[in-house]
Amino acid sequence: MSFEPDITERLARARADLRMGVPIVLNGPVPALVLAAETLTQQRLTDLLALGGAPVLAITLRRAQTLKARAYDGDLARVLLPDDAALPWVQSVADPADDLRAPMKGPLLCARGGDVTAHRAALDLVKSARLLPAAVLLDVSDGAKFAADHGLTCLALDQVTPHLAQRSALHPVISARLPMEVSEAGRLHIFRPEDGGEEHYAIEIGRPPRSAPVLARLHSACFTGDLMGSLKCDCGPQLRAALAQMGTEGSGILLYMNQEGRGIGLANKMRAYSLQDQGFDTVEANHRLGFEDDERDFRLGADILKAMGFTSVRLLTNNPRKVDMMRSSGVEVTERVPLKVGENRHNTVYLATKAAKSGHLL
Ligand SMILES: Nc1nc2c(ncn2[C@@H]2O[C@H](COP(=O)(O)OP(=O)(O)OP(=O)(O)O)[C@@H](O)[C@H]2O)c(=O)[nH]1
Ligand SMILES: [Zn+2]
């Protein structure tokens, strides 16, 4: 029946459920009930514990390393919930906010052996829902029946896993003229992903010929820097300098990617800022939260360029990963154009950390 949602649509629904604190069921060889740790309530935790069995809190290897929990599963760990687990226990394993003030009393006991496909998919899902990367899972005997009885979204794990590994296709929605301070010949293009995720934008300055390398900037959203004039990073000045250079040259493409906080979302970026207030640097803060230092998929930017007919760029960046990713995605980078602006006394350490730990060019 054509009205039935396909796996892409069901995954979007599952992300929305997890963000609202509603459980989902991942139906594989060992069906599992899944709840995002961040949006778990005491009532749902109590109900989950009443089901019996051995619930676990899945966390990433990064978070496990901070907590000194044994990650027997390589990229993740399954921390066993104590019988009397209450919500604050789940929150303090998932969220590093109080790591220093009230360190977890260990040791945390972790499951080993068995299949972790559901746990891995659950972590992918909560990450893509822009929540903390931690999820509570409980094995249930009949996943489809459990989901139907409780009105929950039920996903077949053998469809979920290959789907999460792919990136979503982006489709052009609309474009319109946008006269701007840097150039009156501006045009804004909107691209929408199929997976229900955030839209990305391309700002075209002038009418760059598709046959020659275009001056291009792959810019990740930074609400604090781009809009609020934050001095903690260099994003706002980089955005304005890139547009100004395109205006001066008379043509260019600025891709404004809604990958806030290097792909972890604004709420998680603010969690990282709060950890930075406790003395951790930008990379350590991401790791303590359970993220990699950079969770962005730059290939989306290459997808937009190609959709617009560009095959070759002069890329405004100090980040060699952006250059590498463009090239491996089939977009030629004829030149890396450095973008050194916006250093101030608040972001000197941030910029030095990116150079030392993330390979940014000074
Ligand atoms: N997680 C996290 N994200 C941050 C922090 N500071 C800035 N960001 C984000 O970092 C990203 C910076 O994006 P870009 O300026 O496009 O990328 P870049 O890797 O610095 O590379 P170039 O500017 O091209 O050299 C934005 O998404 C910001 O929101 C931080 O301390 N933690
Ligand atoms: Zn920024």
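Positions of Cβ are set from backbone N, Cα and C atoms, glycine also.
Record features (TrEMBL):
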- 175-338: domain 'GTP cyclohydrolase II' (DOMAIN)
- R217, L218, H219, S220, A221, Q238, E260, G261, R262, T282, T317, K322: GTP binding site (BINDING)
- C222, C233, C235: Zn(2+) binding site (BINDING)
- D294: active site, proton acceptor (ACT_SITE)
- R296: active site, nucleophile (ACT_SITE)
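Features as recorded by TrEMBL, highlighted on the structure.
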residue : record                   : CB count, 10 Å
R217    : GTP binding site         : 26
H219    : GTP binding site         : 23
A221    : GTP binding site         : 22
C222    : Zn(2+) binding site      : 23
C233    : Zn(2+) binding site      : 21
C235    : Zn(2+) binding site      : 20
E260    : GTP binding site         : 21
R262    : GTP binding site         : 20
R296    : active site, nucleophile : 21
T317    : GTP binding site         : 24
Model confidence over the domain 'GTP cyclohydrolase II' (175-338), averaged pLDDT: 97
Recorded positions whose CB lies under 6 angstroms from ligand 1, from R217, D294, R296: none
Sequence-ordered recorded positions from A221, R262, D294 with Cβ under 6 Å of an atom of ligand 2: none
Site extent for GTP, whole Å (max Cα pair distance, R217, L218, H219, S220, A221, Q238, E260, G261, R262, T282, T317, K322): 23
Protein Cβ atoms within 10 Å of D294 (active site, proton acceptor), excluding its own: 19
Assigned conformation of R262 (GTP binding site) - DSSP reduced to three states: helix
Secondary-structure category, per DSSP, in which H219 (GTP binding site) falls: strand
By Cα-Cα distance, the member of recorded positions C233, C235, R296 nearest A221 (GTP binding site): C235
Cα-nearest neighbour of R262 (GTP binding site) within the listed recorded positions, C222, C233, C235, R296: R296
Integer Å distance between the CA atoms belonging to C235 (Zn(2+) binding site) and H219 (GTP binding site): 8
E260 (GTP binding site) to the residue listed as 'active site, nucleophile' - Cα separation in whole Å: 9
Separation of alpha carbons, the residue listed as 'active site, nucleophile' and C235 (Zn(2+) binding site) (Å): 16
Rounded distance in angstrom between the Cα atoms of D294 (active site, proton acceptor) and C222 (Zn(2+) binding site): 14
Nearest recorded site to C233 (Zn(2+) binding site) by CA-CA distance, among recorded positions R217, R296, T317: T317
Proximal residue to R296 (active site, nucleophile) among binding-site residues R217, C222, T317 (C-alpha distance): C222
